[in-house]
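K.L.:
Handing you this structure, nothing more for now.
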C-alpha cells in the first residue's frame, strides 16, 4: 500500500506532504510512551479520510436541518448503537469533537454558572476540564478540589466525603488524566447520593480497559460518563458521552445546538469502526497486554531505583517521581526525546516545581502495545530509560537499542512512498 495521504497531497502542497511524511517516520522510529496516545488501525484512518467529511449534518439521525443525510444517518446510528452495546449504556452521544467538549456538554446540561463542582485536583492527577482556573470549567463554576492522601498517594475517599458534605456540590466528578490506580466508582456514587449530587465520570484514559472488562465500569454508577475515543480505546481523536436515558434529551440539546454545530461525520464513522474493533477478542487480548506491559515496566523501573507515585500501577500508566534522580520532568522529557523515546513531563502530587518544569514524567503502554511490545521488551525499555537518565550507557548505544525495538515491531509497514 502506498503512502496514499502523502502522494495525494504532495503535488498540491509539498510542504504539508513533507510534514506528514516526517510525522509518520517519527512515529515509526521512536518509542511512544505518552499515555494518552495510540496508533489507529488503517480502517479507522481510512474512514477519517472518506467523503463523509463533505457533508453538513446539524441535528441527529432522522432529525437533521439539512437534506441528503440518509447515509450520514446510517453511519451515526451505527456508532450510537455500538457505543451503547460496548459499554452497556442507555444512551450515547457520539458527536463531541473532543473529550473537553464532552465534559463541557455535561456541565452545560445540568449546571448553571456559579454552581459547585467537586473534582480532582489537576496537580494530583485530574484534568484541565475538571476545574483548573485557567480552563473554562474553573472560570464558570465554583470548583472544590479533592486530592490524594500524602502517604498512600491514592484518592482519599474520606476527604471526598468531607468536602462533599461541607460544600454540597451539584456535581461530583470522578476520573483523571494521571492517576495509576483503580477508582472506586461505587464509593463515589454513595458520596454523591449522600449529598444529592449528580455523579459524572471522565473515563477517557481507561475506556479501552473498561470496554474489555478489565477495569470496573462507571456506567452503572454514574449519571454521565464521558470519554475520548482515542487513548486506550484506539479510535480517532474525538469525544463520547454515555448517560441514563432520562438525561438523553438534555445531553443531546447541550451538544447541538448548545455548544456545537455540524458534527464531524467522517470522525464519527471512524469512531464506529473503532467501536466495532473494540468488540473483538483481539481487542480484549490487546488490553490484557497493555496491563501486562505496564506491570513489567513499572516493576523494572522500581528495580532500577525509580520511585513510582503510589508505588506502582493498576492500569496503563504510571507516574515516575524523578526527585531522587536529580533531574526535572522537563529535562527528562527532553533527554529521552533526544534518544527517540517520547513521554511527557508531569506534576506529581504535592509537586513544588512549576507545571512547565515538574518533578515527574508520565509513562503509558497503549501505543507500544499496539506495535506488539511484550513484557521482555518493556524491561528493556525500563533499562533504556534508566541508562539514559543516569548516563549509564553511551547515546549511540541507546539509540541503537531503541532502533532495534522499533525495527522488531514495525509500525504502519503497509505504507511506502
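Using the three backbone atoms N, Cα and C, a Cβ is placed for every residue, glycine included.
Summarising the annotation, Swiss-Prot assigns (6S)-5,6,7,8-tetrahydrofolate binding site to 122, 126, 127, 128. Taken from Swiss-Prot, the feature N6-(pyridoxal phosphate)lysine applies to 231. The site 'Plays an important role in substrate specificity' annotation in Swiss-Prot covers 230.
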K.L.:
Using a 10 Å radius around each Cβ and all protein chains in view, which of these binding-site residues has the most neighbours: 122, 128?
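P.N.:
It comes out as 122.
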K.L.:
Provide the three-state secondary structure of residue 126 ((6S)-5,6,7,8-tetrahydrofolate binding site) computed with DSSP.
P.N.:
coil
K.L.:
In whole Å, how far is residue 230 (site 'Plays an important role in substrate specificity') from residue 126 ((6S)-5,6,7,8-tetrahydrofolate binding site) when you measure between their Cα atoms?
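P.N.:
Cα to Cα, residue 126 ((6S)-5,6,7,8-tetrahydrofolate binding site) and residue 230 (site 'Plays an important role in substrate specificity') are separated by 18 Å.
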K.L.:
In angstrom units, rounded to an integer, how far apart are the Cα atoms of residue 231 (N6-(pyridoxal phosphate)lysine) and residue 127 ((6S)-5,6,7,8-tetrahydrofolate binding site)?
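P.N.:
With the alpha carbons as reference points, the distance is 15 Å.
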K.L.:
Provide, as an integer number of angstrom, the distance between the C-alpha atoms of residue 128 ((6S)-5,6,7,8-tetrahydrofolate binding site) and residue 230 (site 'Plays an important role in substrate specificity').
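P.N.:
Approximately 18 Å lies between the Cα of residue 128 ((6S)-5,6,7,8-tetrahydrofolate binding site) and that of residue 230 (site 'Plays an important role in substrate specificity').
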K.L.:
What is the number of other Cβ atoms found within 10 Å of the Cβ of the residue listed as 'N6-(pyridoxal phosphate)lysine'?
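P.N.:
The residue listed as 'N6-(pyridoxal phosphate)lysine' is surrounded by 28 other Cβ atoms within 10 Å.
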K.L.:
Could you name the residues, excluding 122, 126, 127, 128, of the same chain that surround the (6S)-5,6,7,8-tetrahydrofolate site, i.e. Cβ within 8 Å of the Cβ centre of those residues, in sequence order?
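P.N.:
What remains near the Cβ centre is 119, 120, 121, 129, 130, 131, 132, 135, 176, 177.
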K.L.:
For residue 230 (site 'Plays an important role in substrate specificity'), what is the secondary structure state per DSSP, taken as helix, strand or coil?
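P.N.:
DSSP call for residue 230 (site 'Plays an important role in substrate specificity'): coil, neither helix nor strand.
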K.L.:
How far is it from residue 230 (site 'Plays an important role in substrate specificity') to residue 122 ((6S)-5,6,7,8-tetrahydrofolate binding site), counting Cα to Cα, in Å?
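P.N.:
Between the alpha carbons of residue 230 (site 'Plays an important role in substrate specificity') and residue 122 ((6S)-5,6,7,8-tetrahydrofolate binding site) there are 21 Å.
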K.L.:
When you measure from the Cβ of residue 230 (site 'Plays an important role in substrate specificity'), how many other Cβ atoms are you left with inside 10 Å?
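P.N.:
There are 26 such Cβ atoms around residue 230 (site 'Plays an important role in substrate specificity').
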K.L.:
Sequence gap of 6 or more, Cβ distance under 8 Å: name the residues on the same chain that satisfy this around residue 127 ((6S)-5,6,7,8-tetrahydrofolate binding site), in order along the sequence.
P.N.:
120, 175, 176, 177, 202, 204
